[in-house]
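J.: Once you've had a glance at the structure underneath, I'll fire off some questions.
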């Protein structure tokens, strides 16, 4: 392998020693590889090698730490192979697993474990789970506020009156929790809170002007005024153009004078708010001259007017937002809010102390505690300064160098911890820091990118004790991708917006080599196969959006209007699906680079090469996953949302809720309506409207209990026997009287009460048993008992997506186990725990279905994609507005500027914003926009070869107009005010991309999406409802009811006919008596149902039963007819399928016709002969592994089979059993040509396993019905006491209950997709008799039917053809539906 070639910048990073080194490493610059090489260089240095455990290597995540340790280990092993006698290197391998390659949390934890005694900490502490900690905080807060209410202090009640919600203290709780979170990012939380108290102790204008927030405001105002001045100068310049409106010049000069006066007067001093306020309140704009100017064009006039309007709006907004009141009014407001804000800060102090006490009581710590405990061990205060402790000094001697990865995500506490164990304070800087401030996206975790920027600006690029090295060469992406990213960010990323100026020094430069892809010069085509970055706008306006001449139009086939209504997200997902199909399956689909060592080539883009990035997953990933699957695109979404919203988890949680407290109408109703009980909507309403005094006032629980009790009472009356009579007098008469009495009472029952009561009786029997156990069982065992008693886990496993649903339930059991390890216990606390998770939107994400190794499109959040790379990146949701909720609260909070409240007079019921709130609000918005800008940078830099950005807009014309207004060709960067007003990613990218030839801007309309060349003309929604298992069950109930009605009608007609004399008087009583005497348990066949079976078993049993029925049915029927002549007609009517089977079965050969073969012992048989099943498996294995991309000859096939044998995939001795003539005939067939086309398009699927749930009622003439009938016939035909009633009462398909589901599993040989549906193919190697095709069809049509059912149910697509390919016959056999 060739030696790695490092760039000059990378080599500097590797070699630089004895200084604090900050490495600004751009995306894809190979920082991890460089860091590993630096470490290896340090431990293998010829001059002064060190041990690996003398380095402290701090990474951001455990995964990164694991990867780093693995890379270092591999590099050391490589060195050992080069120098096998090097004892030092061998020692490093031993030390590697004890070396400090760790996250900051793990390092702090090790500090605490080793030095807990220095801070008087119990070493047996446990790290609290997030949800457990959340419950603890909730309990502490609730107790604190309850005590404050009991005390009834006036200032507390005033605070609550002003800032709480009308029916809840939730806003106050949120304020306290957020202040607590901010305080934890500082070394000493209580001190930070005390600093915030000082913000409200201002008394004079001097006090106000000295605050940090006022200084920041004045700097911001000056920056905006300079931008207004530039705009004004631009307008003046236009008036001097030959076609400019010169009469406007006077007004513009007046505007310029106003702005310059604001900038250059005493208002620029530190005591300037009053002067600014006075100046803004006295601004008067001159009117534009109406004088005609013959050379002036309307376009220039409108341009000047637009610019002037922007200037006036800038000044007006500054005045309205910040200079809306004199200083005295401001001071008055600050005095008014002082008392309630001091109450809030006091509550936060109390909460912090009580929470610490509660955690100490439960011996718990959280990650914030771990950092602060480590800080207390390593740092102490002396004369107001932070200095290292003795422990820190000792530890600093242990480490030769401290290496910090992802330094841009550090906070102040971490900075103090790592600085304390460095040698910086002793004049020997030894800290290595690597990161990229442009990728700092963890503001919500209180990351402080300012730490990085302070050093970035202070450290020199020259040699010295504090040095900076920039790595800007990108080894990840194509030049086209990098050029477009640079083109965007050089216009939108500035020091004020994003934290760093996007200059040439920080731009991305291509460092990787890629094979060339042919450019698509036909820009009118809707299939772009080049690497040009795309910005797609989905125009949701009804009429067509106009498109600038400089843009390309995505020209898809014009189609008629479709009435389907889809949401914005669904339409956007459809647009993404269409683009993915074009990339993967289009005539000129996209190609990606395939690397094999140092060699690289192009390959067709696959689904696994594509990732869809989303800013937020909640609500978006579900929609995209669903739409992509509907479009036939496999999609994998590794989301941390959606778990608690899955049907199966919601159902189990609702059951747990009613186990804890049944008098909760909502969860109880959900359970009654679920398949666990199965009440219909009509039956639920019956519980509320059934006759009875006060029924409508009962709770659902009481009404259900009453209904079940009423049903039991009536049932007792029906089944209670009459007064005993001598059975010897007339047993037949007694039976008839009993039957008549029962029938009359049953008919008198209320139908609703019977049906509802029966279901409720079963429900309460299970519920009462579980509720008793819930008192003493742990939660996870309660859930398992619930599964055992109800079988609900098996039910959901039989539903579509059953594997994932069952995984979700198993995950719930695991969460219950984890909960039991916390400080909370019992069912009630577990439900509280879940409710809190739901309230704070903490979700676990569904258990995995597809995995990241499957050929599927990935859907993930931008945050989760950080550090990853993908050949094709689609950034969706470009038009989704940014979240600004934290800037719209009554009290806004900022880590640097503290608390910004509204001034509320609860007596006068008035409120107004304080200046402090306005300043903090503006800073929150700007900070959030800077964060969004960096998130966007992370998203775009994930792309290796193709970058696509897509979003929707209500009106593309308006969007384009806004972009034109905000952008000026050649001007870099965009105006700060433009960036500060951004509402979404379109607002950032659009103006930057508008005039950039490196980005293709495309518009789509909904009509372009509803029917493209891949659109399937199906009503997806209706198909989903049809395939819903609950709807299946409901349809079976209705079918059963209809059949029962028909049977009753037939019986009534039959009775009527018999009364006319067609049946003898004595025959019916005899028949009834014999039926009663031969009574069999009515649910015997249900008791025999297996939970799971296979398609092969069903087919095999079907064949066995066919033979058995054919042989016995006629004999039994003949025997019965001797005694009861009418039995022939009854059996034929009840089992027409058996009669049909007898008629269509092949004739049984006479004994003389049968070929008698001598029996040969197995050990004398030739080993090369394979049994039919083994030969079939061999053919299947070959067809599973063979490449279908080209035609095959017998020679090709022999070579391929030999390769399989050499690789151990098949037995070499089995090759002689292959008929290559028959095998090659398959590759010459028309079917293979279709398979080959599907394979090339990626639409061929081989050896696909499945598991589906099918109601046993649908498994007609198969295992459960026919086996029982065959067994009954066989047994009873040999029994002298045989009664024909037994045979006639054998179970038929309609005898099974609606909810009897059987799991059926199988493996489909092959299926492929064509434009109008799925083609199902089954390979058969069976020898075929005289009947040929008919024999194969009869033998396998039921098996194929189950395969078809599986594909319909699991893929939600139609099977248009079912084909058996017989290798014996060498032809395709089509099975009709």
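Placed from the backbone N, Cα and C atoms, the Cβ positions cover glycine too.
Small disclaimer: the values here were computed from a predicted structure and weren't measured.
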J.: If you check Swiss-Prot, which stretch out of 1036-1072, 1073-1109, 1110-1146, 1147-1183 is marked region 'Disordered'?
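T.: Of the candidate stretches, Swiss-Prot labels 1036-1072 as region 'Disordered'.
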J.: Using a 10 Å radius around its CB, how many other CB atoms surround residue 31 (ATP binding site)?
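T.: I count 21 other Cβ atoms within 10 Å of it.
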J.: Relative to the mean position of the Cβ atoms of 25, 26, 27, 28, 29, 30, 31, 32, the recorded ATP site, which additional same-chain residues have Cβ within 8 Å?
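T.: Sorted by sequence, the hits are 34, 436, 471, 474, 475, 476.
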J.: Inside 10 Å of the Cβ of residue 25 (ATP binding site), count up the other Cβ atoms and send me the figure.
T.: 26
J.: Once the chains shown are all counted, how many other Cβ atoms turn up within 10 Å of the Cβ of residue 30 (ATP binding site)?
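T.: Around the Cβ of residue 30 (ATP binding site), 23 other Cβ atoms lie within 10 Å.
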J.: Through the lens of DSSP with three states only, how would you label residue 25 (ATP binding site)?
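T.: Residue 25 (ATP binding site) sits in a strand per DSSP.
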J.: Far apart in sequence but close in space: which same-chain residues, 6 or more away, have a Cβ under 8 Å from residue 28 (ATP binding site)?
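T.: Correct list: 474, 475, 476, 477, 508, 869, 941.
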J.: Sort residue 31 (ATP binding site) into helix, strand or coil using the DSSP assignment.
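T.: Assignment for residue 31 (ATP binding site) reads helix.
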J.: What's the number of neighbouring CB atoms sitting within 10 A of the CB on residue 26 (ATP binding site)?
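T.: Taking every protein chain into account, the count is 24.
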J.: Let me make sure I understand the structure: which of the binding-site residues listed (29, 32) has the fewest other Cβ atoms within 10 A of its Cβ?
T.: 32
